[in-house]
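Trainee: Sending over a structure as structure tokens; questions will come in a sec.
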């Protein structure tokens with residue numbers, strides 16, 4: 001353990017250690033009525049068509065559909081990348097991966113994480129007097145100062161990366177199936193590269209591993225319980241709060257829960273959707289009972305469905321990427337086709353966000369940072385540029401204008417990680433590179449470069465089936481604008497205060513509560529309750 005981490009650990013625990021589990025709920029002069037609370041819920045691998053309010057074929061999201069009817073639904077809302085870590089880094093920084101340094105996923109053995117000179121949303125709100133909590137999937141570094149407790153979150157409860165990145169005793173549904181954790185002295189090996197069998201999946205509460213391996217069957221219940229506790233105690237304290245939830249749903253493995261047993265005859269994915277919907281419903285109910293008029297709830301997703309998981313993957317709705325499917329491969333997660341980054345999104349704030357409104361504004365996960373900061377009355381860092389915009393006027397029904405331009409970074413299917421080779425301009429979308437991710441049948445679409453680019457008009461072709469004729473007046477009118485926009489953003493990034501993530505790996509940073517066991521197995525230490533708030 002390096003001296004830097006020891007110093008950060010000492011300072012963090014000294015500052016927070018007077019109350020376990022590291023949350024100071026004591027009043028600090030702020031009252032809840034002065035500033036709004038924020039609950040941001042991020043689903044994992046959820047398709048645009050998985051939300052019933054978006055797609056009539058989906059019948060498993062009653063609570064989310066109710067939230068859509070009681071708030072605002074966004075139909076042209078996009079993840080900042082088409083894979084886990086980059087999308088989450090952009091949510092917390094308001095910056096694309098070429099600026100914040102996170103262009104692809106971190107591993108179990110990753111030494112680094114979201115670069116330390118990047119300012120997170122939680123850090124800005126902490127400075128503004130908020131109590132901050134993060135529950136669920138982090139996936140932005142877990143070693144040393146990259147842990148959520150050192151990135152602005154007073155409280156953390158969750159898995160530090162995707163819940164398929166470690167073995168469990170209850171593996172759940174996956175494609176292909178993965179083995180359970182070993183119980184003896186010998187590791188259980190799998191020939192499948194997507195199965196992690198060496199180390200059990202850890203569950204953290206703040207800096208401590210409280211369960212390894214995680215019991216996936218009860219994980220949703222624990223997340224709901226901790227979220228409800230956090231909202232309760234933060235509300236009682238008189239301080240405004242930020243709760244960021246990174247759900248395990250709908251990423252594989254899909255757990256074999258009691259709900260799954262009740263819904264016999266239903267597909268596992270549908271049962272998982274209902275469990276996720278129930279979890280979100282519990283959190284919304286708690287908000288409604290505790291701080292309804294002063295809490296803004298934002299629900300969205302990190303990227304589109306993971307098509308290679310076949311029947312365990314979600315629905316892209318009408319965004320089928322037909323041009324790419326004809327070339328081979330999947331046009332969903334890891335790609336820059338609409339199915340990879342167009343995600344469900346809902347906003348709920350009684351009395352502030354209008355009821356039962358569908359917004360067509362072009363918005364992004366990038367906008368969460370500047371919007372929340374503005375609503376909190378805080379200030380953006382002045383030493384860097386941001387790619388998100390303050391969407392308050394859209395949220396309050398005063399405008400339908402979002403981005404004119406949006407960039408979709410390469411996310412693994414084709415091109416260099418993080419590179420900006422897909423550009424949205426109004427209803428037009430230009431591809432300088434294309435490629436399909438691995439599909440259910442194992443097919444992968446080959447990488448193709450296009451200069452001049454493929455350009456689609458999404459107003460007439462949401463399926464991205466037929467690109468504009470390069471000789472047409474419409475194409476020739478759009479092309480120079482796309483080229484100018486792309487050149488401008490690259491020039492801006494070159495002159496910006498950018499970061500570079502450390503992607504080196506070392507087995508010594510693997511989370512392990514019992515190095516004497518082949519899979520790091522240990523008994524749960526028991527759950528802690530939040531402090532009473534007495535000072």
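In case you wondered, yes, glycine gets a Cβ from its N, Cα and C as well.
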Trainee: The Ca(2+) site in Swiss-Prot includes 44, 45, 302, 303. Which of 84, 310 is also listed there?
Mentor: 84
Trainee: Since Swiss-Prot lists 137, 251 for substrate, which candidate among 110, 162, 235 does it give for that site as well?
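Mentor: Of the residues offered, the record points to 162.
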Trainee: Whole-number Å distance between the CA of residue 84 (3-oxoalanine (Cys)) and the CA of residue 162 (substrate binding site)?
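Mentor: Checking the Cα atoms of residue 84 (3-oxoalanine (Cys)) and residue 162 (substrate binding site) gives a distance of 8 Å.
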Trainee: Please classify the secondary structure at residue 84 (3-oxoalanine (Cys)) using three-state DSSP.
Mentor: helix
Trainee: Check each residue in the chain of residue 137 (substrate binding site) that is at least six apart in sequence and keep those whose C-beta is under 8 Å from its C-beta; list them in sequence order.
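Mentor: Sequence-distant Cβ neighbours: 44, 84, 88, 158, 159, 160, 161, 162, 163, 246, 247, 248, 251.
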Trainee: Around the substrate site formed by 137, 162, 251, list the extra residues of the same chain whose Cβ is within 8 Å of the site's Cβ centroid.
Mentor: 44, 45, 84, 139, 159, 161, 163, 164, 165, 246, 248
